[in-house]
Structures are given as structure tokens and as C-alpha cells.
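Undergrad: Features from TrEMBL:
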TRANSMEM  21-42  transmembrane segment
TRANSMEM  48-64  transmembrane segment
TRANSMEM  71-89  transmembrane segment
DOMAIN    193-411  domain 'ComEC/Rec2-related protein'
TRANSMEM  214-236  transmembrane segment
TRANSMEM  248-276  transmembrane segment
TRANSMEM  288-305  transmembrane segment
TRANSMEM  312-330  transmembrane segment
TRANSMEM  342-360  transmembrane segment
TRANSMEM  372-395  transmembrane segment
TRANSMEM  422-439  transmembrane segment
Amino acid sequence: MKRFWINKGLGTQNFRDFKKINNIWNLIFVAFLCALCLFIAITNPNNLLFWFAFIVIVFINLFNPKFHLCWTLMALTMMASYLLFWAIVTSLNNIEIDQSFKIIRRYRNSFIVNYNGINIIVKNSNTLYQVNDIIQLKGKLKMISNISNFNLSNNTFLELIDYDIKRIFNDSSWLENYLASRYEPANKFLLLLLLSRRVDLTASLLESAKELNIAHLFVISGLHFGLFYLTFLWILKKCKVNVDIANLISVVILFAYLFLLDFQISALRAFTFIVAKLINDKLLDKKFNSLDILVFVALLFMIVNPNIIYNYSFILSFTITFVILLIVQATNKFKSEWIKNVLVLLGAYLSSLLISLTFNQKIVTLGFIYQIFFSPIIIFSYFFSMLFFWTSYLLPFYFKILNSLIQIIKTTSVVLEVPKKLYYLPLILHLLFFILSSSRISKVLTFSKAIWFKKLKVR
């Protein structure tokens, strides 16, 4: 009888202690991860991995009512957006269209246009039709019966059939045409660095960058936008402009730049994050941390387009940024800035490498070394291009040297072939990292040991 009451008392105390330990460092982020796993599991019932991840996250945070309220609201928001999106797509099935469109993406055997916010795929291998071309299309919209990864990534669930097509003109911006007219190889670098244009002209340079695993450095990202924003802010402050007005001017300039970039996902994510952070700092008294803000930005993207989670640009941009922020958070007590920076770079590299293995079967053995070497060079080239894009001799001379450097180093590149594309391994490793870095797993394990020690002591 005595042992019974001792065990009962221990059980009650253990339950209370477990509730104290079972809290979350990043409640909003983990709730978003939980809601996202449930959303993917419901919309893809055959994928048991996300059901398992959802159950694990819920179990770890079982006694946290705020967490459950948070993920439930997020999941309901995602599902409502998803149902609305498919209602719109279904309503367009079998309708006839006859109007002009702008080609937004071009592939070997097809191109994509946008109709009232919905992407339409047009199967056509004629190289006459290129990105930014304005074309006249007449045909019938039909829902695609077998949705592939390509369709998911490009958000294309409707195709145009039995169509007539006529090219009207090319609607490339004056800046893009001007940069393309610069001397070789400066034009290739300018189009990639300043506008992230992946066109035929930049294909060879982009291929060389991929062989060195530095292609992502040529994409306008949060780093570029952050530096761009801070540079303008610094200049305006030096001119003794009021801080709030300087922030407003900087955001307006960034938005104009975003417009030139055609609202590319990585650039749009960076811009939205900067605006949200300013709102948090100025109006909400820094109530949310950077990780929370990024969650709100991702959720906003999903409300606008719930299928964007299958877009590789979205996956790369948000996943790598989440990884970086979690590493920064985990290393904030480290005294050595050098170690912090190396861990951030290594984390970003491993994350991008794992994601690339889902659609690529190659691993660049010295990829991390190339990334460390070229990162400062590309960042310098970005600002150098912005300041001297108008020069006829200086910029071509500089980029000839840089292009030669890339080609020389490319000869040292050793590439390993992976037997087959990896789909589940990168996903599992990312989920494990996100869950372990945001939940107090270690304390739960420590607590479990403490329970056994208490029991042994009583006995």
C-alpha cells in the first residue's frame, strides 16, 4: 500500500514536471511545421511520412494548448485556401479563350502563360516563342488528368488544347534589352546578377555555375535584398534623412526593383520579410522574432497559392532561410563569430545540397569550398555591376577575368554520381533538424532518466 501511494505521488509530480518541460522554443514555427505536415498528408494521403511527422510533433507538444490552437488555425487557413484554389481551377475547365498573353516561362516542349492568376501550360516546341513574348491564343482549357511533379512545381493544372497561336511582339523591359546588348561576357553576368534572367544567353554561364555548385549565388535572394536595403538606408542616414522616412524610401526603391525582377519568389520572399520585420519593429514593439516573421510570410504565400509549397524556388528559398535562422538562434551564445559564420554557411550548403538531390543526381565534392570562395566575389560583383553597368570597357574587362576564373576552377571540379534521385532522405533529415532544433527533446530525455532514478531511489 505504501509503495502504491509513493508511485501515485511520483506519477502526479512526473506529470506536472513533464508539462513544464513540454514547452516550445519556437511555438509559431513548430505549429506551422505541424500544420504543414497535416496539410500535405491530407492532400497527399499516400505519403505516410507526413502523417508520421505530424503525429510525432503533436506528441512532443502534447500538453501545450497554445501550440494546438496555433497549428489548428494555420491548418484550417491552408485547407480553406486550397479548397478555394481548386474551386477556381475547376471553374475554368472546358472554357474557350481568345486573348493575348505574355509568356512567363519557357521549357523545351512547352511554355507557360497566366490567365486570371492561374498558370496555363501550352505544349509547343517552336523556339520562335520565348519568355516575355506577347502572343495571341485561341483554344480550350482542359484540366490535366495526370498531375506530375513538373505540374506541381510550376503550379500548372490546366492546359490549352486545340489552339491557334500568333506572336505579336516581345515585351522585354528596356533595362533587360540594354543589359543584353552589353559586350560579352558582361551581358551574361549582368542579366543573371541584376535581374536573375535565365534565358538562352545566360545558359552557358549558369551551367558552369551549377558544375561548381554556386548557381544559387546568381539568384536574387534575401542576402542581396538585405544588403541593397541596408546600403540605401545607410546613404539616406548619412544625408540626415529621418529614420522612418529613410525606411519608407528604401522600401519603395526595393519594390521598384522587385517589379523589374517580375516578382520572382526568392526576391518577393526577401521583400515581404523586410516589410514585415519593419512593421514588427516599428508598430508591434518587436513582439515576434525573425523565425516567426518568416512563418507569417510563408503562410501568406500559401494563402495566395497553396500549391506553391511544391515550387522548387519556394522550397529552396524558405527551407534554407529557416535553416539559417535556426542555426543563428542555436549559436547566439557562441563567442567566436568565425565559427558562427562557418556553421551558417555549412548549414545552408548542406540544406541546398539535400534539396538538389531530389531533382539532380550529382554531388560536387568541393562544393562547400567553392561556395566560401565565390560568395564574397559574387556579392562584390553584384554591387560592382549595379554601380558600373553603364560602362563599355571596365565591366567587360572585369567579367572576362571572373569568367576565366570560373572556367579554370571548373577544371578542378570532381562530381560524384548518385545512383538515383533521392526524395525521402532530404525530407526526413530536414524534418528531423527542424523538430530537434525547435523542441526541448533533450530535456524530455533528461526528464525520463530522472524518473527512473527517482523510482530506483524509492525502491
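Keep in mind that glycine also has a Cβ here, set from the backbone N, Cα and C atoms.
No curator has checked TrEMBL annotations; they are predicted automatically.
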Undergrad: Take a look at 71-89, 214-236, 288-305 and tell me which one has the most Cβ pairs under 8 Å to the transmembrane segment (372-395).
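TA: By Cβ pairs under 8 Å, 214-236 leads among 71-89, 214-236, 288-305.
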Undergrad: Out of 71-89, 214-236, 312-330, 342-360, 422-439, what stretch is closest in contact terms to the transmembrane segment (48-64), meaning most Cβ pairs under 8 angstroms?
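TA: That would be 422-439.
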Undergrad: Apart from its near flanks, which chain residues at least 6 from the ends of the transmembrane segment (422-439) lie with a Cβ under 8 angstroms of it?
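TA: Apart from its flanks, the transmembrane segment (422-439) reaches 24-26, 29-30, 33, 37, 49, 53, 56-57, 60-61, 319, 322-323, 326, 329-330, 351, 354-355, 357-358.
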Undergrad: Where does the mean pLDDT land for the domain 'ComEC/Rec2-related protein' (193-411)?
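TA: Across the residues of the domain 'ComEC/Rec2-related protein' (193-411) the model's pLDDT averages 85 on the 0 to 100 scale.
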